[in-house]
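Q: Pasting the feature list from TrEMBL:
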| type | residues | note |
| --- | --- | --- |
| BINDING | Asp22, Glu60, Asp82 | Mg(2+) 1 binding site |
| BINDING | Asp22, Asp146 | Mg(2+) 2 binding site |
| DOMAIN | 13-154 | domain 'RNase H type-1' |
Amino acid sequence: MAEDTPPTTATHATNEVTLVTDGACSGNPGPGGWGALLIYRGQERELSGGERRTTNNRMELMAVIAGLESLKRPCPVRIVTDSQYVMKGITEWIAGWKRKGWKTAAKTPVKNEDLWRRLDAALAPHQVRWEWVRGHAGHPENERVDALARAAAKAAVTAGSS
């Protein structure tokens, strides 16, 4: 640890959970899946799920929601995503949507309002910092959650065809 690192940062980092997320969809809409990887003090936990008919954006949102909802108590969380939609939506757009009664600047209903509300509630107890990574660019954890999401999407198709 660098000597110029403030003590609060060092304490924050040791208690921090890293949540790496991704969503995938075959067709838009179509079968989709999400993957999440929680990392805390060297321990890892993988989560994934899928739906027969969904969109990529819904799966990106579900990955973050599921990861956050799996946490048992409030804690600092670093969320790593390759989704500009999720990151900008929660850090830039949501305040305006709430002020406008969940309408966009064009006065149309916000898409995926149900999941935005759920994400907003899931974030509330935690201290969160967001980190964007380019998808499919060799980031090992991002590649891992992408594989989880694609496998969950494939499983959703298989489950739907029986």
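Backbone N, Cα and C atoms are what each Cβ position is placed from, and that goes for glycine too.
Neighbours and distances for these, please.
A: In the three-state DSSP reading, Asp82 (Mg(2+) 1 binding site) counts as coil. All chains included, 21 other C-beta atoms sit within 10 angstroms of the C-beta of Asp82 (Mg(2+) 1 binding site).
Residue environment of Asp22 (Mg(2+) 1 binding site) contains 32 other Cβ atoms, counted within 10 Å of its Cβ in all protein chains.
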Q: Return the residue, from the listed binding-site residues Glu60, Asp146, with the maximum count of other C-beta atoms within 10 angstroms of its C-beta.
A: Glu60
Q: Per DSSP, Asp146 (Mg(2+) 2 binding site) is which: helix, strand or coil?
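A: DSSP call for Asp146 (Mg(2+) 2 binding site): helix.
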Q: So around the Mg(2+) 1 site, Asp22, Glu60, Asp82 aside, which residues have their CB within 8 A of the centroid of those CB atoms?
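A: Everything else in range on the chain: Thr21, Gly23, Ala24, Met59, Ala63, Thr81, Ser83, Val86, Gly135, Asn142, Val145, Asp146, Ala149.
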Q: Distance between Asp22 (Mg(2+) 1 binding site) and Asp146 (Mg(2+) 2 binding site) at the Cα atoms, whole Å?
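A: Counting only the Cα atoms, the answer is 6 Å.
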